[in-house]
Amino acid sequence: MNDWQWLKNRLVNSKTKSVSFWLPQTSSNIIDIAELIKCCSELKNTSINGLIDFLNQQDKLEFNLTRLKEIDVEDGKQLFGIETSVYKHFQNEIARFYKQVNKHFRETGSESLFLALPVIEGINEFNDIFRAPLLYVGVKLKVSPRFERFWLEINKEEIFLNPTIIGVETNKRNSLFKNNYDTTKIDVNDALKVFSELEYEFRMPLTSELKSFSKKAKSDFNTEKRTNYLINNVLLGIFDVKGDQLFQNFNEILNTDPDVLDELLKDRRDLLLENREFREQFDLKDTYLFSHLDIYQQYAVKQALLGDLIIEGPPGTGKSETIVNILVNLVLNNKKVLFVSEKVTALDVVYNRLGSFKHIALFNASVAAEKKRFYNQFAEFETYFTTYFSKKDLDATLPTFEGKWVDDILGAFQALQALYDTKINSGENLFSFKEIVSSFQMLDASYIKIKEYERFDEWVRVFSNPLWLEKHLSYQELKKELSQRWNGIDNFYQLQSLLNQTKKRKVLNYVLEHFEQFNTVISPKHVLFYKPSNKSQLLLKQLKQDVEQYTSLQRFQSPTKFETIKLNFINQVNENPTPWFFSWFIQFHAKPLLEKLVSFESNIIKTKQAYLNGIESYVASCKKLLKTTILNNFFQLYQTNKDELLEICRQAKNPVLKEITWWFKKHFELLKKLFPVHIMTLESAATLTPNQRGLYDYVVIDEASQVFLERAIPILFRADKYIIAGDTKQLKPANFFQSRAEYDVDEEFEDGNIEAAVHSSSLLHFLKNRSRILTLLKFHYRSDSADLIAFTNNRIYDNELIFMNKANADQRVFIVHDVIDGIWKNNRNLQEARDVVQRLEQLTTTNDYKKSLGVICFNKNQADLIEYLIDKQNNPLLNEWRERQNDVGEYEGLFVKNIENVQGDERDIIIFSLGYDRSVNSYGPISKQGGENRLNVAITRAKQRIELFKTNRGEDYNGLSSSSLGSKLLVEYLLYCEAMAKNQGEKITFQAVKRKETKAKYELAVENDFFNQLQAIFGGEFEIKRNVNEGAYFFSFVFYFNNIPYLAIDFNIPIPTSRKQVMEGILYREQFLKKRQWNLINIWIDEWKLNPIGVISKIRSSLAVHQNQHEEI
């Protein structure tokens, strides 16, 4: 058994740093309203007692700020410390605070807005100095259009006794303590009685008058006297006291079943799981698709079903879409799922992507703030059921996917490779068929007459003999001589025949003498009385010589062979026989092989398309099954729990909505059956669901790098298996039990308090090396331009990401604004902030106003300053831009944030306000440990463009030689932005990895020829580049028109040797290119050689289609 006490100790110690334990001063999230209550509220009795009585009896507390106009400057300075108009000050302050509350709600799903009173302060027995409100009353802030009035709607169902101070005390004592405070009313005396049970005593104020909240440091407390005080302060602010439910859950688990932490956090690594083998054997069996995922997303979904999985999702790699598919798979496998995140925006994205299938999930990010939305989900489900229900739809065939397509594609490629590798023997040489078909020239080889191509080299030897040629010419000369001598060649042939047939010399002499006299050849059988003459003797001798000579040359008489040898010499076949063999073989012997070649290549194309069509059909079938499951969930409950089901479905129509906690407690099992997926924040899950082991089959936690391990334990405890998604190279948790939006980042860094958070483990970091499986998403979709992600891919992700330009990406991706007279002073840069706001106003007059935009600062004060200047401008267009939502209600307005608060956000345009000038040696959070992760988050938010505002040249900033990785990368990134803005990106060395591929000489020769032909035919209209690296991919050729890629060509593509290569390197490479709007065609090397006209036609057609698409755009 492990000792997890350290975890508890860290949790408790961290709570002493939260604003519900130690509140030194007001902040942007907490304001003092004691004097406002006195000056401009409707309250008649403005004492603490009068306020409490009012809050217990009324539902709303109103404020009229116009009353502040009556306060002169001197009184304003005395009461509020304000030297300007008190009315204007608080009008602006309430406006700012109202926006801050709404901003917090957008990011967390909970307003966490409380009226907090009174404040207690002192020192506990463990020497922890505390100062925080005693009681918290949930309120909702409402304002008039011009912020002249505001009111607080009081939620009496959200009354809390400070849980943090009590929690720290009881945990440090290791004691069980029952908090018996009656949360139905506000009662200071009852609250103090609870504290007295823990031996806390407080010195009470002399009067009940409300007091202003003053700034205090821990050094102001007397640690020797240890006197505790109660002060009649009243604060309005964002307090995360509801998050203490997780704190309580954790303590319950640790106190009642400490051994369970060993089980929850044990090392589950599957040492027998061979990831390479998994990918090689991967198929979609038992896996459903809600959308056409890329292959790495499919890996993650399939592995998720095994449970205890970590999904590393770098920026823009489709993590949310992956989670959607995981949830659908779990539902279709009849599992109950809890899906949580610290960020409500992450929950919104996943829920909205379910679209019309959202009825598998119950969304409840906030326990108190979204009652109407909560109950509407049931009413909408009832409407969906009545609209689509029919009994025939309750049965659905389980969809199946033909995984053999991948095997078929691989088989076709392997067959093609085998065909390419087929050895062709010319007699003395072996050639591969690919070399022959790739290198052959169309030569006139029709004169080569051989049946067996294996005898070609022998034929070349025979028919390239110069001696034979000489002998043939001698034969021809001799034949002429014989024709002249014997008065015609036919006479010679007759005489030759007679000489060969007749052995009688006398007869031969007679014939020759007769030939001499009459010039004819006779064939006498007998010459009885003939006596040979000398003349005939000489003629016989001559004939014998001629016949002997003729016979010796007769085998060289063939005119066909003569012509063949002559052609061979003319064609220099003997000197270079290979091209002639290739051409002759292709024309007269390769027909069966060529037919196979065409068949294999055609089969690859058809099967690839069949696979893609099959995926689309499979997605449709899976959605049909999901619809059936949704209808069945409702139908089965309608049959078994009709009254209970209809009661909750009709709740949305009631004017007074019951508390969500009440419904969860009463109908929890029904809610799980009706909605197999529950989507909540961690706090909502802890508040609404029982702290019970195995409550769900799976828990899915998103953005887990920002979840502290302690906060996650109660959530992990509720499920049998976990699926954790996030990115260890993004932000770690900000502050225990407090969102990043709730604390002052700069102060935290200046105080050094953040170091504890930096060194602490997030859930993701802790479980990364303990989970059963770790999988990585690789395809990057967010950035339209590869340049936007290239830096972080190289510097942060070791070139693991797969990315490339969108075909229609803007050409101007980086804009650098050099700020004149910018100065870093008082932790901000005023001139730079002014320039940023001026730029925003300029963009409202351009087409960029239609886009989404965010401003990211490297310092909170700079962000606050820019927000202030925007507020001051009160530009209607900027105001509209700031409040913009998309079609499904997701916030996509103009934001201004520091780097700590932008994880999970994305915008078309990101504007950076660096703030710092060259005098700075430390860049705040960036220079601290983990600063590189903060930078990574910031520079990966843009989809289309980045604009950088800075005061000095990049090379003037300190940091390149810094020991801080964050500082070093920041300055490198400034230099990168400058280079890209000046179109000097080729000077940057950290681009995508280039493909290194060795090619045979004959392949290079064909490729050169192909390129030359492309240039000759298309070069006048298009810029054609060769060996192009686009992001993470390589292309043989790319056609550009006005710098827009119209067509990419893979020429002579490498043959895959595994299923993994087929899926990752071919099918989903091509699918990714389609999503990036690239037009790609494959040209086989043999296709070009065998049918160049057809290839050119194919290219023309592809260019025409893509040109039409661009014209439509």
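Yeah, the Cβs are placed from backbone N, Cα and C, and that goes for glycine too.
Features as listed in Swiss-Prot:
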- Gly313, Pro314, Pro315, Gly316, Thr317, Gly318, Lys319, Ser320: ATP binding site (BINDING)
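Overlay of Swiss-Prot feature records on the structure.
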residue : record           : Cβ contacts under 8 Å, 6 or more apart
Gly313  : ATP binding site : Lys319, Thr322, Ala725, Gly726, Asp727, Leu777
Pro314  : ATP binding site : Asp727, Lys729, Leu776, Leu777, Lys778, His780, Tyr797, Glu800, Leu801, Thr940
Pro315  : ATP binding site : Asp727, Gln730, His780, Arg782, Ile789, Thr792, Asn936, Val937, Thr940, Arg941
Gly316  : ATP binding site : His780, Tyr781, Arg782, Ser783, Ile789, Glu906, Thr940
Thr317  : ATP binding site : Tyr296, Leu777, Lys778, Phe779, His780, Tyr781, Leu801
Gly318  : ATP binding site : Leu293, Asp294, Gln297, Leu777, Phe779, Tyr781
Ser320  : ATP binding site : Ala346, Val349, Val350, Arg353, Asp702
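Excluding Gly313, Pro314, Pro315, Gly316, Thr317, Gly318, Lys319, Ser320, which define the ATP site, the same chain contributes Thr322, Asp727, Leu777, His780, Tyr781, Arg782 within 8 Å (Cβ to the Cβ centroid), listed in sequence order.
Using a 10 Å Cβ-Cβ cutoff, Lys319 (ATP binding site) registers 25 neighbours. Under the three-state DSSP scheme, Thr317 (ATP binding site) falls in the coil class.
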